[in-house]
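Annotation source Swiss-Prot lists domain 'Alpha-carbonic anhydrase' at 58-321. The disulfide bond annotation in Swiss-Prot covers CYS78-CYS261. Annotation source Swiss-Prot lists N-linked glycosylation site at ASN109, ASN113, ASN156, ASN359, ASN444, ASN619, ASN631, ASN722. Sequence annotations record features per position, and here Swiss-Prot assigns region 'Disordered' to 461-480, 557-711. Residues or ranges marked as compositional bias 'Basic and acidic residues' in Swiss-Prot: 592-620, 689-711. Marked as domain 'Tyrosine-protein phosphatase 1' by Swiss-Prot on the basis of sequence analysis: 848-1119. The annotation substrate binding site is assigned in Swiss-Prot to ASP1028, CYS1060, SER1061, ALA1062, GLY1063, VAL1064, GLY1065, ARG1066, GLN1104. Annotated active site, phosphocysteine intermediate per Swiss-Prot: CYS1060, in sequence order. As annotated by Swiss-Prot, site 'Ancestral active site' applies to ASP1351.
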Amino acid sequence: MRRLLEPCWWILFLKITSSVLHYVVCFPALTEGYVGALHENRHGSAVQIRRRKASGDPYWAYSGAYGPEHWVTSSVSCGGRHQSPIDILDQYARVGEEYQELQLDGFDNESSNKTWMKNTGKTVAILLKDDYFVSGAGLPGRFKAEKVEFHWGHSNGSAGSEHSINGRRFPVEMQIFFYNPDDFDSFQTAISENRIIGAMAIFFQVSPRDNSALDPIIHGLKGVVHHEKETFLDPFVLRDLLPASLGSYYRYTGSLTTPPCSEIVEWIVFRRPVPISYHQLEAFYSIFTTEQQDHVKSVEYLRNNFRPQQRLHDRVVSKSAVRDSWNHDMTDFLENPLGTEASKVCSSPPIHMKVQPLNQTALQVSWSQPETIYHPPIMNYMISYSWTKNEDEKEKTFTKDSDKDLKATISHVSPDSLYLFRVQAVCRNDMRSDFSQTMLFQANTTRIFQGTRIVKTGVPTASPASSADMAPISSGSSTWTSSGIPFSFVSMATGMGPSSSGSQATVASVVTSTLLAGLGFGGGGISSFPSTVWPTRLPTAASASKQAARPVLATTEALASPGPDGDSSPTKDGEGTEEGEKDEKSESEDGEREHEEDGEKDSEKKEKSGVTHAAEERNQTEPSPTPSSPNRTAEGGHQTIPGHEQDHTAVPTDQTGGRRDAGPGLDPDMVTSTQVPPTATEEQYAGSDPKRPEMPSKKPMSRGDRFSEDSRFITVNPAEKNTSGMISRPAPGRMEWIIPLIVVSALTFVCLILLIAVLVYWRGCNKIKSKGFPRRFREVPSSGERGEKGSRKCFQTAHFYVEDSSSPRVVPNESIPIIPIPDDMEAIPVKQFVKHIGELYSNNQHGFSEDFEEVQRCTADMNITAEHSNHPENKHKNRYINILAYDHSRVKLRPLPGKDSKHSDYINANYVDGYNKAKAYIATQGPLKSTFEDFWRMIWEQNTGIIVMITNLVEKGRRKCDQYWPTENSEEYGNIIVTLKSTKIHACYTVRRFSIRNTKVKKGQKGNPKGRQNERVVIQYHYTQWPDMGVPEYALPVLTFVRRSSAARMPETGPVLVHCSAGVGRTGTYIVIDSMLQQIKDKSTVNVLGFLKHIRTQRNYLVQTEEQYIFIHDALLEAILGKETEVSSNQLHSYVNSILIPGVGGKTRLEKQFKLVTQCNAKYVECFSAQKECNKEKNRNSSVVPSERARVGLAPLPGMKGTDYINASYIMGYYRSNEFIITQHPLPHTTKDFWRMIWDHNAQIIVMLPDNQSLAEDEFVYWPSREESMNCEAFTVTLISKDRLCLSNEEQIIIHDFILEATQDDYVLEVRHFQCPKWPNPDAPISSTFELINVIKEEALTRDGPTIVHDEYGAVSAGMLCALTTLSQQLENENAVDVFQVAKMINLMRPGVFTDIEQYQFIYKAMLSLVSTKENGNGPMTVDKNGAVLIADESDPAESMESLV
């Protein structure tokens, strides 16, 4: 019987589902990177830049401290009177007879494969390698094009052009730059010589269709997403990127729009724009830039990369004199927001409509001017209002001058009437704007009417609403707020009215009798409204094309899946497809607006929804019915509203008269019928498209379409009214649809009965199986059990967490998506992983891009919901509005008794599977102050022992996480008392040990065998060197961090809690690396792609950027090649012995390690600053120079190039990432640079290790004598004392003390200089090497800033001192050493330090000697007050590696 019922269950489920489900349009949520709409008011790329002491050329940016207003400090020309860009006023531009047709040469040819595109960090530039020439248009000669640059705005077609025409700006501006090839060989040379250059400005305007000519450019943009990326472009025709007609253009003389702002540019600004679709436009908004801070890189979206417009001053703007080029109206070329020419509207609609009562008989209507004006100026506003009373319909219209306040007072208002208001802007020649939102007002309740929905926005009549009640639901076209007013109705009207240009008004909409009853009328009091009540514009060509694939119903529009906030989100006409195609990546964790920052603005957000419904709200005097109330059913069936005797059901019909299903998320018996009178306008519209397809009757339903538990759906008796589709025709008889309805209902009822029987039987079987398990679902069998069954998988199956009976239910039916499980077949053997990564890196990292796109798409078709996160009671608990917790995998807290227990189980956290372990991790956001108690409650309830934190509290001036632990002593968070026990600081991370105690659990209570269950230990591993939306500079420290935090987990503890700021990007990267390291150890295979796709189904956006995805592979490659090299001190002798034994090929592991130390990835050792011509003479040895990532920068001197460079590198120590600075012995002409470095970086210790004594006296001594100070402009250097310190072998260290005094203020810096003898000394015992190290370590404890170490070249001696210092500190603190990591990190940060295997072998010898000294009881050597060494080592000077081993 069971074998028979198992397949029946699936067949019946699919059959029933397919009969009631419908088409759904999905919208991707805003990602962490998608900062777009959240920061539109900010100019620039949202990068908050701190003033840096190091930079290359004069640094500038589009915002912040180096923004346009500060450009003049480094480029004086930026303050000139003839600057660009400008706003061009067409009416003041004169026609210049000298400006005739442009002559283009080569523009019609396809570009060669040498043309390439580069992300410069400020823009995206195309470097033209072919010959493109321009003449005419008043240019002084024949000019050659060299490069193309782009400027764009923030998001979604917002203004981004630099120039504007009549105040109108465009989404993108393309600029083509030219130079005179007869005079110069390059564009840059012409600029440096300050000679005339040319520039074309071409505007891009949004269009409903893709522009195929832009395809090579858009494809190229996807290859240069990150800063400094370059790619070759597919062939394109440059002429196709220009307007179709080149006759209409403006000419003026201006400047470059970026520093140096040279006023040498002859500008040609084309009047006609080039079309670009929203989908293509998204490629610009996905571009990243980087901000370098010290040697940590942060990644930001590059947006708003345009300069503010400048004054025209005494310049004249001219127009071309090409005949007939200026005849057309401007709207033929400057398209309306929907991208069609059919809509000749004056402006966008007036916004911010409000209706407020002044007294008992008067109302005030207010609005704001339109956001965009196509035909300025606005002359006046037309205010229309209509009302209905006792079936009499009236309407009045009056005008209001635009120069007065935008308010109107309506007198003699009756409290018993329903009023509808709308406003329209009127320009010259009686051109009018779109209508504003239609506001419905009755008594003290205001509602917005738009399309198929009515939303209330009024004020309370009984009691004030709570802040949660007034919180907006989502952004969109309507506002949904509540104020405690009893409100229970549904409007299912779809308006199709006239265009704004003045055609006759027709209305295809009716408010149901239920609506009127909800507004105070008796049932059925009004059957329809006059045809002039709700006129809206006829759909444009763009919307028609959208609706061709999705016909509009008279009863309801198609529903949409949840948008960023989980609400059903419809598309606006002309925008829907493009919005639906937004790339998930267009978002920044870093760029998002945090919830707490926007609390004040929440009331201005709007909700997108294609579902016609209204949430039933109650004031404090009306009790809310419970789910068990007889007034409604629990599972979304008929819902009876008090005051209505009966619910009626209507099935709408499609155009062909066949049965039409309700929208997704709505059962057919929940659709409200409305009367839609047939009109000629609709008939013409529907019949005008011969290719319009019929709507299929069956579509998959989106389980994401949900309603709150207070939503009620009311139906109206269809017998009273006719129903109509988009085409006018006689209404069908009542029996035509009642008989099929009865048949279908009967079949559905029979199927449901059978389905319930199957479910009961199925559940009974599962209960028998799971007997003995406390949870509803059985635990997934171990990998061994699955292997015995022949279905062994690489990872555990997806786990879903069923609602507890005590948890609040937001929706009646919570669906569980079917999630695929990664297979062992996808795993890559470790031996092939190196080759695999090489393939991914090939072809400009194309393999990584393809993989990550697959990751982004993997959850697109899964209807995974996050309704609890979107619930109004929980929204304030989310740090970011678009980072939500999936319902099926969310961590549920135990509800708190009493205090709002209904929603106290929510926290923005999800269980995430690990390698062969379900729920191995909890991925969560950085706690908000308001969620500290929930955070620690979750840690207690989940028995978490390890917290992994991968964010700093503040990054780039923005709050990323609140400090949820006490700085010292104890702090109480709800019932949990947290005590800080210890803090250990490392170079890249910090470890904190907490004791947590639950005050509600008593010591030794029953069931507590240990007697101390009320107190636990929690360890926090906090990584401090990982930038938001970016990746760490080096993989080795991350591997150490992951391994140590993973090893600290105890078997009896619960999941590891991992969080960053949003809990997705860096959190996901950590989880993947940790799990893959475990898989490598267990099976010697790797499956990054499969595992990431799997965990993406458990929390959204895990591993947020492609850069993070690449970093995972880099880190795993490092782990595979280097293996684990950390060794405890008691095993060091045997370990060294093992790596000295030759292998099969005759090579020892020591040799293999050293090869990895010296072979570094090219991207880590870029040294282009050191190789500049102006800096080459500052290097003693060209083979020992700083890598760009770790280069020490100087504060540049004003007006002098290259003054920021010095041959010096940061080196990571044990306690700080910049603990040391290794540099060369100063050259005579770099001595002042050396002291500037000390001054800039507050260094207080200098260790001088001369490799030989061959330096001349004047070169050897770079410090001043006692008699005379050294003047370094901003400060002076004075020698104040000189001492000597004797070592055990009678060698001496000469100690100089200097004072650096500022010339402008009282700041003083004390510096101690150690002039050391030859070190390490080959004639002395190896163990004596640590004498000098101990002296330096002890001195460093009392001083701040990095320790500067130098030998002649800044190479092996200095590197050896840093390495041994770090390793000795590691040995003291951890009783373990990692020679390989320390040596490789030094070579990564300063290439060329260790070049000989004997140098690497010496480090092992020294550490063996130090370990032997500790084992023999001789602790570290110290120095007494007089400088004498208290413990001297008398070891044999002939120590060798063999003897040490």
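Each position is counted from 1, following the chain as shown.
For all residues, glycine too, the Cβ spot is worked out from N, Cα and C.
Structural mapping of features recorded in Swiss-Prot.
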residue : record                                    : CB count, 10 Å
CYS78   : disulfide bond                            : 25
ASN109  : N-linked glycosylation site               : 14
ASN113  : N-linked glycosylation site               : 11
CYS261  : disulfide bond                            : 26
ASN359  : N-linked glycosylation site               : 8
CYS1060 : active site, phosphocysteine intermediate : 29
SER1061 : substrate binding site                    : 29
GLY1063 : substrate binding site                    : 33
GLY1065 : substrate binding site                    : 31
GLN1104 : substrate binding site                    : 29
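The recorded positions examined here are ASN156, ASP1028, ASP1351; by Cβ neighbour count within 10 Å, the least packed of them is ASN156.
Of ASP1028, SER1061, GLY1065, GLN1104, all annotated as binding-site residues, the residue with the shortest Cα distance to CYS261 (disulfide bond) is ASP1028. Per-residue confidence over the domain 'Tyrosine-protein phosphatase 1' (848-1119) averages 90 (mean pLDDT, predicted model).
When Cα-Cα distances from SER1061 (substrate binding site) are compared across the recorded positions CYS78, ASN109, ASN113, ASN359, the shortest belongs to CYS78. In this structure the alpha carbons, written CA, of ASP1028 (substrate binding site) and ASN113 (N-linked glycosylation site) are 36 Å apart.
Nearest by CA distance to GLY1063 (substrate binding site), out of the recorded positions CYS78, ASN109, ASN359, ASP1351, is CYS78. For the pair CYS78 (disulfide bond) and ASN156 (N-linked glycosylation site), the C-alpha distance works out to 30 angstrom. Checked against ASN359 (N-linked glycosylation site), the recorded positions ASN109, ASN156, GLY1065 differ in C-alpha distance, with ASN156 being the nearest.
Among the recorded positions listed here, namely CYS1060, GLY1065, GLN1104, GLN1104 has its C-alpha nearest to that of ASN156 (N-linked glycosylation site).
The maximum pairwise C-alpha distance among ASP1028, CYS1060, SER1061, ALA1062, GLY1063, VAL1064, GLY1065, ARG1066, GLN1104, the residues recorded as binding substrate, is 12 Å. For GLY1065 (substrate binding site), the nearest neighbour among the listed recorded positions (ASN109, ASN113, ASP1351), judged by C-alpha distance, is ASN113. CYS78 (disulfide bond) falls within a helix when secondary structure is assigned with DSSP.
Note on proximity: of the recorded positions CYS1060, GLN1104, ASP1351, the one nearest ASN113 (N-linked glycosylation site) is GLN1104, by Cα distance. Here the candidates are the recorded positions CYS1060, GLN1104, ASP1351, and by Cα distance the one nearest ASN109 (N-linked glycosylation site) turns out to be GLN1104. DSSP assigns GLN1104 (substrate binding site) to coil, not to a helix or a strand.
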